[in-house]
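Here is the structure we will look at, set down as structure tokens.
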Amino acid sequence: MDSQDTVRHRGGDERDAATTATAETDRKHADDNNKGQRDQKRAMAKRGLKSLTVAVAAPVLVMLFETYFLGGYGSRARSSSWIPPPWVLHVTRLASSGLMGLAAWLVWVDGGFHKKPNALYLYLAQFTLCLLWGPVTFLVGSGLAGLVVWLGQSAALFGCYKAFNEISPVAGNLVKPCLACTAFVAAVNVKLAIA
């Protein structure tokens with residue numbers, strides 16, 4: 001009887017060892033899978049951070065370039081006490097460009113530009129018109145032409161707001177301060193047109 005108990009006991013130990021080994025192997029595979037998933041998530045996060053950086057920095061850098069080479073009000077606007085210093089207008093336009101870049105990135109992440117290509121066209125139109133406003137208003141010196149460019153930009157920006165808000169409400173909310181910035185630019189433009 002002792003020999004049978006020993007055999008049974010040994011068999012039980014072998015089964016327990018086999019079960020433990022299987023459990024350890026399963027744990028190692030699960031850890032490897034989790035590590036692979038973590039690596040994939042890190043890679044996706046790095047790509048997302050890079051695309052976010054490009055989406056925000058590109059419009060801001062283009063606007064900085066335009067501001068550096070084409071900035072300033074000219075001598076005719078300095079006589080008005082209401083018009084703010086040029087740096088206020090430039091900072092406002094830079095902030096608006098950065099917010100619009102962030103909003104566009106949020107829409108892109110949600111696949112909104114594929115679902116609604118008009119959102120991309122409206123974004124590009126408002127950005128192009130925003131870039132044109134400074135040279136038309138200050139270099140050409142036409143406040144009236146600047147108002148026409150501003151009107152086109154405002155219409156495109158409002159279209160962006162509606163399209164972005166349908167895709168991502170957060171992106172739509174980011175466009176709201178940009179609409180306020182265009183109102184400020186319009187006030188400056190009207191004062192320049194009258195001056």
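From the backbone N, Cα and C atoms, a Cβ is placed for every residue, glycine too.
TrEMBL lists transmembrane segment at one of the ranges 90-108, 147-165, namely 90-108. Sequence-remote contacts of a segment are chain residues at least 6 beyond its ends whose Cβ falls under 8 Å from one of its Cβ atoms, and for the transmembrane segment (90-108) they are 51-52, 55-60, 62-64, 67, 71, 119-120, 123, 126-127, 130, 134, 157, 160, 163-164, 167-168, 170-172, 174-175, 177-178, 181-182, 184-185.
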